[in-house]
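Enquirer: My questions will all concern the structure given below.
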Amino acid sequence: MKLFGTSGIRMKNLDPLIAYKVGFAISKNFKKAVIGRDTRTTGNLIESAITAGLLNGGCDVTILGIVPTPVLGFSAKSHDIGIMITASHNPPEYNGIKLFNNNGTSFTPNQEESLEEIIEKSDFLDPSWDIVGNVSEDKTAVKKYLDYILSNINIKKKFNVVVDCANAAACGISPNLFTNAGCKVISVNSHCDGRFVGRMPEPNEKNLVETVDIVKGLNLSGRDFIGIAHDGDADRMIAIDEMGRVTDFDKLLAAFCKYVVQKTNAKKIVTTVDASMAIEEYLKEFGAEVIRTKIGDVSVAYEIEKTGAIFGGEPSGTWIHKSIHLTPDGILSGLRVLEMMEFYDKRLCEIMDEVPSYINLREKLPCPDELKNKVMKYVSKEGKLLFKKEPETLDGVRFSFENGWILIRPSGTESYIRVRVEAKDETFANELLNNGISLVNNGILK
């Protein structure tokens with residue numbers, strides 16, 4: 001039974017029986033679990049089901065209630081395992097389960113496969129009275145997290161910030177932390193509602209229209225508000241600059257990488273195969289190495305640990321700040337954007353305008369799951385002949401050129417193959433995209 005995808009388990013109308021089985025499987029190897037959840041309407045149901053499975057197997061459970069993923073990851077340090085019930089940016093009918101080690105990192109694919117094997121082999125016997133685990137609540141977890149983050153940031157300037165919580169797990173916590181950091185805060189969509197009545201939890205330009213209007217309106221009088229918007233579990237964020245522009249994920253990541261290198265003299269930065277070449281261009285003058293890894297925060301965290309890098313990030317807004325903790329943290333990332341602005345003594349819009357802009361094109365092509373492996377082999381072989389380049393196969397198939405690159409990669413959650421290109425001019429970008437589409441379509445037909 002394949003349950004885990006690229007970011008834990010994530011399903012429409014997640015069956016509580018699956019959650020029960022996952023809990024029982026976890027109890028085979030872990031005896032102290034902590035559980036958090038986002039605001040989705042099925043959160044209580046899934047929490048109860050997974051708790052029942054854990055207790056049946058003799059695992060003690062600590063319940064945090066509604067908390068962001070970074071709070072859960074931080075709390076996992078005092079337990080054997082952390083369990084976050086969330087579907088992140090997906091619509092309200094979805095829910096999911098994401099697992100964390102007690103160092104704050106997400107479970108690896110190997111760990112997830114081991115759990116799937118246990119689920120396949122388990123008979124889920126009735127509980128025995130003498131091994132059933134205990135349940136407790138921890139009402140101090142959020143305060144411990146807030147105190148820890150505040151002790152690790154240093155912002156002297158009084159910034160004006162609109163914090164958009166998406167009616168999700170960041171509610172109360174993110175606005176509170178920004179306020180305690182000395183900011184003037186206006187919170188938006190900051191009451192918990194698992195129907196996501198204010199906006200859908202994906203923090204993109206389409207969903208942030210009203211928040212952008214609020215930032216623009218506040219800045220008519222020259223007050224220089226920026227916006228920080230979270231997803232469903234607040235492991236990610238995106239910023240809105242003083243001009244009311246939703247910042248490009250790639251450009252914001254490139255700007256922050258430069259800040260980390262300049263401030264700390266870091267020699268290594270970790271990012272993923274789908275991140276912009278602007279990062280290399282931007283860091284070239286500082287001699288910092290850009291290490292690319294597979295897509296997903298677990299791969300970024302692993303590479304950070306392996307290489308000794310102090311920061312790693314994905315162009316989805318998922319950033320990991322090793323000096324503070326290894327769990328992706330959208331609330332901390334928002335605060336560190338303010339640190340960057342203070343360091344340069346510039347408005348966010350000025351910082352963003354300095355980052356190189358390239359042409360980015362994306363296409364997703366329908367492909368049956370059973371054909372994906374065959375198609376990717378075709379893409380690698382024929383792409384090598386077409387582009388006269390060796391393919392990079394770390395995650396999908398990527399071909400890099402002096403003026404751009406193309407990445408062709410099967411989706412881990414949908415029946416699609418995604419094509420992404422980046423280039424310094426539009427003609428080359430369109431050429432790469434058309435070639436990529438042809439490779440995939442021909443691979444399906446072969």
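Cβ from N, Cα, C; glycine included.
As annotated in Swiss-Prot:
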- Ser88: active site, phosphoserine intermediate (ACT_SITE)
- Ser88, Asp231, Asp233, Asp235: Mg(2+) binding site (BINDING)
- Ser88: phosphoserine (MOD_RES)
Enquirer: About how far apart, in whole Å, are the alpha carbons (Cα) of Asp235 (Mg(2+) binding site) and Ser88 (active site, phosphoserine intermediate)?
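Expert: For Asp235 (Mg(2+) binding site) versus Ser88 (active site, phosphoserine intermediate), the Cα atoms are 8 Å apart.
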Enquirer: Only counting partners 6 or more residues apart, tell me which same-chain residues put their Cβ under 8 Å from the Cβ of Asp231 (Mg(2+) binding site).
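Expert: Those within reach of Asp231 (Mg(2+) binding site), by Cβ under 8 Å and sequence separation of 6 or more, are Ser88, His89, Ala166, Ala168, Pro201, Glu202, Pro203, Met237, Gly317, Gly330.
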Enquirer: When a 10 Å sphere is centred on the Cβ of Asp233 (Mg(2+) binding site), how many other Cβ atoms does it contain?
Expert: 32
Enquirer: Show, in sequence order, which residues other than Ser88, Asp231, Asp233, Asp235 on the same chain lie with their Cβ within 8 Å of the centre of the Cβ atoms of the Mg(2+) site.
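Expert: After dropping the recorded site residues, what remains is Asp38, Pro68, Thr69, Thr86, His89, Ala168, Ala169, Pro201, His230, Gly232, Ala234, Arg236, Pro328, Gly330.
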Enquirer: Ser88, Asp235: which of these recorded positions has the sparsest Cβ neighbourhood within 10 Å?
Expert: Ser88
